[in-house]
C-alpha cells in the first residue's frame with residue numbers, strides 16, 4: 001500500500017502535538033492502563049461500546065511511521081509491480097446498511113478489475129490463463145482414480161434406484177390398467193346377460 005509523503009508528514013505533526021498533550025509520562029504503564037482488561041462496555045440498549053483509551057497509553061508514532069516507510073512502496077515503482085488500483089467512492093454509503101455496503105464493495109471491486117484489465121491490455125501484457133496451460137494436480141492420479149471410481153459407483157447406484165422406482169411405477173400402472181380391463185369385462189358380461 002502506497003502512502004504519500006504528505007500523509008507521513010501529517011502523521012509526524014500529529015505525533016508532535018500528541019507528545020505535548022501527554023505531559024509527564026514516565027514510561028511505566030500498568031495493565032489496566034494498557035487496556036489488557038475488558039475494553040467493552042454495554043449500554044442500556046444492550047449495544048457494546050469500546051471504552052476510551054487511557055491517556056497514558058503508549059502511542060509510538062515514530063515506530064509506526066518507520067515501519068510504514070519500510071513497508072510502503074517507493075514513489076518511482078511502476079504500476080506493474082504494485083498492481084494497485086485506487087477507486088474513489090462517488091457517494092456516501094451507510095455503514096449500517098449491509099446490502100448497500102456489500103453492493104459498494106462489489107461495485108468498487110468490479111470497477112478496479114475493469115481498470116486493471118484496461119491497463120494490462122494497453123501495456124500488451126498477457127493476464128488470462130492460456131488455453132494450453134497445464135497445472136499439476138495436488139492429488140495423485142491414483143487418488144483421483146479412486147475418487148472417479150466412487151463417483152461412478154454412486155452414479156450407478158442412483159441409476160439403479162431410478163430404474164427400480166420406474167419399475168415400481170410401471171407395475172402400479174399395469175395393475176391399474178388390469179383392474180380397469182377387469183371392470184370393463186365384468187360390465188360387458190353383465191350387459192350381455194341382460195340383453196339375452
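Any Cβ shown, glycine's included, is placed from N, Cα and C.
Where the annotation comes from TrEMBL, it is an automatic prediction and has not been curated.
What TrEMBL lists as compositional bias 'Basic and acidic residues' is 12-23 (among others).
Taken from TrEMBL, the feature compositional bias 'Acidic residues' applies to 28-45.
Residues or ranges marked as compositional bias 'Basic and acidic residues' by TrEMBL: 158-175 (among others).
According to TrEMBL, the compositional bias 'Basic residues' annotation covers 184-196.
The feature region 'Disordered' is assigned by TrEMBL to 1-53 (among others).
What TrEMBL lists as region 'Disordered' is 158-196 (among others). Within the same chain, no residue sitting at least 6 positions outside the region 'Disordered' (158-196) brings its C-beta atom closer than 8 Å to a C-beta of that stretch.
Applying DSSP to the region 'Disordered' (158-196) sorts its residues as follows: 38 helix, 0 strand, 1 coil.
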